[in-house]
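Presented below is the structure to which this report refers.
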Amino acid sequence: MRWILCWSLTLCLMAQTALGALHTKRPQVVTKYGTLQGKQMHVGKTPIQVFLGVPFSRPPLGILRFAPPEPPEPWKGIRDATTYPPGCLQESWGQLASMYVSTRERYKWLRFSEDCLYLNVYAPARAPGDPQLPVMVWFPGGAFIVGAASSYEGSDLAAREKVVLVFLQHRLGIFGFLSTDDSHARGNWGLLDQMAALRWVQENIAAFGGDPGNVTLFGQSAGAMSISGLMMSPLASGLFHRAISQSGTALFRLFITSNPLKVAKKVAHLAGCNHNSTQILVNCLRALSGTKVMRVSNKMRFLQLNFQRDPEEIIWSMSPVVDGVVIPDDPLVLLTQGKVSSVPYLLGVNNLEFNWLLPYIMKFPLNRQAMRKETITKMLWSTRTLLNITKEQVPLVVEEYLDNVNEHDWKMLRNRMMDIVQDATFVYATLQTAHYHRDAGLPVYLYEFEHHARGIIVKPRTDGADHGDEMYFLFGGPFATGLSMGKEKALSLQMMKYWANFARTGNPNDGNLPCWPRYNKDEKYLQLDFTTRVGMKLKEKKMAFWMSLYQSQRPEKQRQF
């Protein structure tokens with residue numbers, strides 16, 4: 001009788017412990033580096049445990065500027081993890097970009113610091129013995145010069161799909177990608193930060209209820225390009241098991257800086273650090289304050305259209321380099337050789353990638369006065385390095401896209417100009433990458449997202465999906481802002497389900513959703529909108545045109561799809 005009473009008390013205590021784990025307002029987890037105390041929130045009746053500002057590296061300050069990240073210092077006692085960490089130092093429009101992607105009812109203003117190697121974790125509350133959950137690690141976009149983990153809210157996706165979400169951030173711009181193309185500054189610091197975060201996930205995510213053996217990378221724009229690049233990096237092998245690239249791959253022209261020493265010398269010149277010795281140059285830049293480095297960054301005028309400058313001298317961004325270690329070779333060469341991670345890959349584009357956000361940031365004049373064929377030709381001339389075309393090919397592009405357009409139809413001219421940029425960059429790079437992964441025998445799923453979100457209030461309404469619009473639906477924006485209609489909520493649920501299914505199994509289908517065909521030789525893809533449809537051969541004729549241009553430039557690297 002006595003042992004029955006003891007056992008009953010034990011079971012009662014276990015149940016109370018489990019219940020406490022589910023409902024405590026100040027959840028704690030023990031990581032490899034120390035104990036964290038987070039906070040609990042609810043999505044409907046589902047409790048979500050949130051841990052903010054979790055260090056995955058030592059602060060990249062002093063001698064660690066322009067150096068690989070190092071593991072974080074362990075701490076004693078309980079570390080508070082209830083405050084959003086500062087984003088990495090970045091361009092001033094990073095705050096605007098953060099407002100654009102935010103799905104919170106009230107916007108959280110970002111802070112910025114060079115001490116920024118932190119991540120945020122959103123995990124469904126669990127009872128002891130519950131099975132481990134799939135892990136999804138988000139890579140922010142921002143042209144490698146803006147972006148922050150705290151711009152994103154993960155509670156809806158984590159709660160509705162029972163996944164553990166990790167939002168990372170990494171060094172940006174000069175801090176993240178300065179390279180002298182030698183041992184004094186090899187570059188790719190931002191990519192190394194990403195891999196340090198992924199190693200932290202492998203070591204610690206089980207404490208949050210996540211499965212380190214089921215990690216999916218997903219990201220947008222520059223984040224999507226980074227993921228595509230990590231799929232070609234031997235240093236990232238074993239750190240993830242599936243990958244999703246939204247509006248960007250490593251074949252995007254912006255991903256690789258082809259002459260990093262030239263860029264480093266320009267940075268040094270603007271900073272007053274000119275020197276023939278790259279060692280002295282780097283040490284001089286390392287000694288500057290973060291504020292001074294950002295003043296130099298502002299003078300570089302990244303991502304700015306400039307009609308007065310020689311297009312060959314325009315530096316669009318600071319970005320990764322082929323260093324032989326992190327990125328062993330040109331991404332196109334690696335893809336051609338099939339040197340990619342053997343993991344399922346889901347990727348896609350939006351149908352109006354160059355509609356408002358990017359033209360606004362890049363100061364593209366798309367107003368009525370500027371929309372003339374002569375002005376568009378000048379724009380193409382100025383952006384030809386971004387579009388990856390030669391000056392001799394500019395007239396061919398004008399003929400292909402503008403030949404049958406009335407000179408006075410400024411709206412059609414604007415639409416064609418937007419088509420040129422998105423086709424030459426996002427669409428071409430995405431489709432080519434999909435083909436190479438498919439031909440390597442890997443599962444590939446392709447999409448085109450087509451719906452503009454009513455809840456994105458910082459830009460004008462359009463009839464299609466601008467760059468980044470899909471994130472509003474992926475992170476449950478229609479449920480958070482109160483500005484969406486029922487159909488948008490249904491689309492959001494559908495997207496969350498597709499993405500989470502892919503994270504669970506490597507296949508977005510589950511029998512309850514419209515079938516998403518695998519991307520094979522028939523080139524079928526999913527058109528995501530209120531009515532989901534299957535398309536075939538996305539922009540086939542235009543892609544054939546761009547293929548012919550690029551083949552004529554470097555036939556030794558290109559091949560037909």
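Quick reminder: no glycine exception, Cβ is built from N, Cα and C everywhere.
Candidates considered were Cys116, Cys284; Swiss-Prot assigns the disulfide partner of Cys273 as Cys284. By the criterion of other Cβ atoms within 10 Å of the residue's own Cβ, the least surrounded of the disulfide-bonded residues Cys88, Cys116, Cys273, Cys284 is Cys284. Put simply, of the recorded positions Ser221, Cys284, Glu353, the one whose Cα is nearest the Cα of Asn276 (N-linked glycosylation site) is Cys284. Other C-beta atoms found within 10 angstroms of the C-beta of Asn388 (N-linked glycosylation site) number 20, with every protein chain shown included.
Least crowded of the recorded positions (Asn214, Ser221, Asn276), judged by neighbouring Cβ atoms within 10 Å of its own Cβ: Asn276. Comparing C-alpha positions, Cys116 (disulfide bond) sits nearest to Ser221 among the recorded positions Ser221, Asn388, His467.
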